[in-house]
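Record features, source Swiss-Prot:
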BINDING   Lys56, Lys98, His190, Lys222, Asn319  1D-myo-inositol 1,3,4-trisphosphate binding site
BINDING   Arg133, Lys183, 211-222, Ser237, Ser262  ATP binding site
BINDING   Asp302, Asp317  Mg(2+) 1 binding site
BINDING   Asp317, Asn319  Mg(2+) 2 binding site
Amino acid sequence: MVSGGRVGGGEGEAGEAAEVAVAMVDNEEEMAQAQAPPAAAVAARELVVGYALTSKKAKSFLQPKLRGLARKKGILFVAIDQKRPLSDQGPFDIVLHKLTGREWQQLLEEYREEHPEVTVLDPPGAIEHLLNRQSMLQEVSELDLSDCHGRVGVPKQLFVNTDPSSIPAAVMRAGLSLPLVAKPLVAKSHELSLAYDPISLTKLEPPLVLQEFVNHGGVLFKVYIVGDAIRVVRRFSLPNVDVGDLSNNAGVFRFPRVSCASANADDADLDPHVAELPPRPLLEILARELRRRLGLRLFNIDMIREHGTRDRFYVIDMNYFPGYGKMPGYEHVFTDFLLSLVQKEYKRRPSYSSCEG
């Protein structure tokens, strides 16, 4: 708008009209630029990512290659002091976290309400769904992906929270077949056991989830999801179990985890039918549906292919904010993802060049 101008006649009036028109055009251009800033303007502004991670998680995730690339792209990681109110820190564009506990969740929810402009990865309420193995795979079981380049399901499973001596009878009633994989109810632990016979079931320690073991050629597919990006890594897993194994083995065999990062199977000489990755269209549909249903953007899926089939897959586990540091090229995927979260309207933040955690 033009203020303080005098309305007159003739050339003066036409001149002022022209000035008003120019001012309106300038204002429209400024508004358009504010709504959709050029890439150069975005790159010139620091993207501040506050992180609240355990020391172990911070070390594995914030590797030098991630920090270095992030600095080049204008992304700054700042450690959040859990002993201070979140509102007294920052300001942040994004809060990245993987902490548990009701107190932290409440603090984070209050912060989200006070600062809706900040992206929190991910909402505490959504994360809860993946912390309990009783409900973790429910969303997968409800999907209908039968016509999506393959079939995806979950193994038959049973939640057990009773006296161990009653487990064999509960397994029989549920119609589960041995061997069974026993997993802790709380997903923070990756330890699991393989029980071969009914007697061994009585040696398990509830609460836990029992899952039918599906032969899968000893190869597991770790599907990493970072926003819209999907990356798949092959890992060696538990070998097939045949009838002879069932008759010759007894007891409970404990494993630290199903797969091991050091046992990468991508370069191994494997049977092509075992090593073939799940179809890309199937993974894209599965990831999209789970993102929508779970309300999460950072998680991974452990998938197996039933041995002897080409298109029958099972999801056996899911994890929030998994070990992305083990994913090849994760620093490029993750920094691109963080930049994609920047909102269209940018507010100038103070410099944090001396505050990097």
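From the backbone N, Cα and C atoms, a Cβ is placed for every residue, glycine too.
Annotation for the binding-site residues Gln211, Ser237, Asn319: lowest Cβ count within 10 Å of the residue's own Cβ, Asn319.
Cα to Cα, Asn319 (1D-myo-inositol 1,3,4-trisphosphate binding site) and Gly217 (ATP binding site) are separated by 23 Å.
Of the listed binding-site residues, namely Asp302, Asp317, the sparsest CB environment within 10 A is found at Asp302. Cβ neighbour count for Val219 (ATP binding site): 21 (other Cβ atoms within 10 Å of its Cβ, all protein chains included). Spacing of Arg133 (ATP binding site) relative to Asp317 (Mg(2+) 1 binding site) is 8 Å (Cα to Cα, whole number). The binding-site residues under consideration are Lys56, Lys98, Lys222. Their Cβ neighbour counts within 10 Å are lowest for Lys56.
Using CA atoms as reference points, the binding-site residues Lys56, His190, Lys222, Asp302 were checked against Phe213 (ATP binding site), and the closest is Asp302.
Those residues noted as binding 1D-myo-inositol 1,3,4-trisphosphate (Lys56, Lys98, His190, Lys222, Asn319) have their most widely separated CA atoms at a distance of 21 Å. Shown are the binding-site residues Arg133, His190; of these, the residue with the fewest other Cβ atoms within 10 Å is His190. A sphere of 10 angstroms centred on the C-beta of Asn215 (ATP binding site) encloses 15 other C-beta atoms.
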